[in-house]
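Chemist: Take a look at this one; I'll ask things after.
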């Protein structure tokens, strides 16, 4: 008898989680209604107290941010730096992006990023802190400081996933979307056969 209750509980829990494609954004009392392009969803401010919805690369604000996101963790240093000059092999540009309309979510779907939301009765915009390769170094020119006689190299954007308010198939939800976070160097050894 106890095993059957446990199995029923397990089945009901797994069915509940299987039906959740994303964390549905609580809106007005008309929760299940279709979302049109003109509606701005209302978000409960208590949602931002949850750690899973906070990211230093995503910001909801009425005005564009002035500075880079604050770092929550600092690296420990044992002593003075051993190397005098530390240089990046790929030049990059970091900025707050406020006009993102489309993005790719973690399942590969192209979703619509909601530009505006209402939090505490004020309209706020979603901003994403992105780092991209400088246009001059992307592609065939190679990375800085790499020996071109022995190595093929190029700079490319690296990505991560952050939570954002999105719309997909008329359902507004928190989804993980891909944004650019770094410019990295890709190396391959040149063939010795010429």
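The backbone N, Cα and C atoms fix where each Cβ goes, glycine too.
Per Swiss-Prot, the feature disulfide bond maps to 90-155, 133-183, 143-185. Sequence annotations record features per position, and here Swiss-Prot assigns N-linked glycosylation site to 99, 120. Per Swiss-Prot, the feature region 'Disordered' maps to 54-84. The signal peptide annotation in Swiss-Prot covers 1-18 and is backed by sequence analysis.
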Chemist: When a 10 Å sphere is centred on the Cβ of residue 99 (N-linked glycosylation site), how many other Cβ atoms does it contain?
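Modeler: Excluding its own Cβ, residue 99 (N-linked glycosylation site) sees 9 Cβ atoms within 10 Å.
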Chemist: Count the other Cβ atoms sitting within 10 Å of the Cβ of residue 143 (disulfide bond), across every protein chain shown.
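Modeler: Its Cβ shell of radius 10 Å holds 22 other Cβ atoms.
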Chemist: Out of 133, 183, 185, which of the disulfide-bonded residues has the smallest number of neighbouring Cβ atoms within 10 Å?
Modeler: 185
Chemist: Using a Cβ cut-off under 8 Å and a sequence separation of 6 or more, which residues in the same chain sit near residue 120 (N-linked glycosylation site)?
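Modeler: 45 - these are the non-local Cβ neighbours of residue 120 (N-linked glycosylation site), listed in sequence order.
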Chemist: Given the recorded positions 99, 133, 155, 183, which one's Cα is the least distant from that of residue 143 (disulfide bond)?
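Modeler: So, spelling it out, the nearest of the recorded positions is 155.
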